[in-house]
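One structure below.
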């Protein structure tokens with residue numbers, strides 16, 4: 001499959017994540033690497049050095065799959081896109097949004113502890129308003 | 001390969017690996033979904049429920065001693081067991097995220113694992129930083145150093161930079177004071193957290 005444009009890639013990636021949302025198991029793999037398909041790679045020392053610090057910026061390849069194996073080749077979804085060096089920041093901004101929305105099964109930020117603490121703080125002020133308030137303010141200063 | 005405790009450590013080591021082998025290194029982000037209760041456990045729960053129901057049903061049948069009432073009794077546990085399994089499936093599946101940097105030539109594999117949704121944004125930002133390195137774009141090291149210095153690793157970064165690239169030493173030198181300051185800030189943050197707990 002050829003490489004997709006960024007818009008196509010993101011729309012398909014959201015589809016991939018949405019499909020996962022309806023299931024209770026599965027994996028999504030995202031890979032990024034330097035695009036080195038058409039570039040000649042000889043193992044001479046000079047080439048190694050040019051590899052390490054190339055004169056011009058190179059594009060980055062992004063792949064996304066739903067990690068289906070050989071026996072389920074028909075269900076496998078493979079997406080790939082190429083980011084030109086100039087578009088990197090714009091791409092990663094959108095990428096972050098898509099991933100944040102898609103990875104909904106991760107643990108949300110736990111706020112129960114804070115709530116308990118705030119309740120504890122509120123409780124003494126409710127019991128003795130004058131003294132409690134003074135105490136809390138004293139606690140707040142350091 | 002072991003997992004790194006902190007994402008900053010992972011980022012730092014991955015950046016170094018990329019610096020050394022930019023052509024072959026790849027970064028894989030895997031998002032795993034698992035059912036909240038594993039099937040075996042759910043089955044165990046269901047079995048337990050069924051057993052209890054059977055016991056209660058047998059008691060009721062012994063007290064009533066009527067064959068007509070005993071016939072609906074076996075049906076009851078099955079419905080209860082299905083209820084149990086449905087409650088198990090109602091729990092949302094758990095996910096976790098594994099970041100892996102792998103270089104097939106040297107066989108180096110660096111991993112970081114998390115299950116916190118709050119970290120996703122930061123991790124993708126890190127991927128972006130690594131992407132910049134992959135694309136061989138100039139990397140503003142002061143920015144990265146300040147981010148990496150949430151963990152106190154300014155000294156390690158200095159050493160590593162010195163080892164890997166002799167040409168980058170001036171840049172490393174300029175970035176070190178910033179890193180030190182940021183490290184102090186990170187330390188303060190940690191102290192505050194400890195105080196809260």
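Just so you know, glycine gets a Cβ as well, placed from its N, Cα and C.
What TrEMBL says about a protein is an automatic prediction, not a curated fact.
Copied from TrEMBL, the annotated features are:
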- B:5-134: domain 'SRP9' (DOMAIN)
- B:42-101: region 'Disordered' (REGION)
- B:42-57: compositional bias 'Basic and acidic residues' (COMPBIAS)
- B:58-89: compositional bias 'Low complexity' (COMPBIAS)
- B:156-197: region 'Disordered' (REGION)
- B:165-180: compositional bias 'Low complexity' (COMPBIAS)
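For the compositional bias 'Basic and acidic residues' (B:42-57), the DSSP-based tally of helix, strand and coil residues reads 16 helix, 0 strand, 0 coil. The predicted model assigns the domain 'SRP9' (B:5-134) a mean pLDDT of 78.
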